[in-house]
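J.: Below you will find the structure I want to go over with you.
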């Protein structure tokens with residue numbers, strides 16, 4: 001991969017990869033991905049429609065849930081073109097600039113999800129620890145400001161990534177390890193000085209995932225203390241139950257991230273299929289699980305779904 005003057009250059013296209021060792025089973029893999037996409041997209045759209053149509057769901061908690069559903073749609077739609085092209089049509093090439101755009105949106109929506117989960121955690125904290133001020137603290141204007149703040153923070157933080165990658169020459173081939181573009185994957189095939197990319201990437205991870213998860217843990221410690229101070233066991237269980245959906249969503253998001261990080265750091269000799277599968281879990285499982293979690297664990301969402309189904313049958 002040398003230019004006219006013998007120096008490394010950026011390729012016009014990059015080659016995407018399916019799942020190592022499963023080349024013969026790509027039809028089944030494509031079917032699985034299509035099912036995951038259908039569940040994610042239909043589930044997120046259903047929650048958005050339900051919250052918009054049901055006046056009883058025009059509350060702060062469901063506004064944040066709508067943000068989460070919009071973000072899950074963004075994650076799914078960001079990966080969908082190249083994943084379907086790779087597994088359904090065996091088209092494995094993506095333009096270099098298009099790859100950078102996809103990388104930016106995948107990482108931006110991922111970091112936004114962490115911020116939205118933190119905002120939803122703040123909603124539960126106020127509802128349990130200071131319920132009398134819930135309506136005055138979480139006003140529509142503040143919810144909008146929080147949503148715009150999460151969007152702005154993620155956009156500004158991730159904006160330098162495409163330009164940091166664009167400045168690098170690529171001399172280690174052009175084959176990526178996934179069916180979509182990620183920053184760490186691009187760093188594996190780039191050459192030159194990648195210290196700035198790696199240091200900035202570590203800073204962004206700590207500044208987002210690290211800070212958000214620390215605040216979520218601290219908030220739940222305060223929530224637990226407030227719940228245990230309630231005299232009635234029935235009221236304690238009711239308070240815990242209002243947090244279960246959010247706790248499940250947090251676990252669905254952070255457990256794959258922590259697992260990917262641990263494998264990358266402490267099991268570098270793991271087969272390539274392990275790294276690829278865990279990255280797929282990290283990107284595809286939360287958008288699929290979130291609509292299911294909130295449909296099963298939230299009574300108001302269940303009522304709304306049953307009401308819509310009843311109307312459609314009538």
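Quick reminder: no glycine exception, Cβ is built from N, Cα and C everywhere.
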J.: Taking 104-122, 123-141 as the choices, which stretch does TrEMBL tie to transmembrane segment?
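T.: Among 104-122, 123-141, the range TrEMBL annotates as transmembrane segment is 104-122.
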J.: Tell me which range among 27-50, 171-194 TrEMBL lists as transmembrane segment.
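T.: Based on what TrEMBL states, transmembrane segment spans 27-50.
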J.: Taking the transmembrane segment (273-293) as the first stretch and the transmembrane segment (62-84) as the second, find out whether 3 or more Cβ pairs fall under 8 Å, excluding pairs closer than 6 in sequence.
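T.: The transmembrane segment (62-84) and the transmembrane segment (273-293): touching, yes.
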J.: Counting only pairs 6 or more apart in sequence, are there at least 3 Cβ pairs under 8 Å between the transmembrane segment (104-122) and the transmembrane segment (199-223)?
T.: yes
J.: Restricting to CB pairs under 8 Å, which listed stretch, 27-50, 143-165, 199-223, is in contact most with the transmembrane segment (62-84)?
T.: 27-50
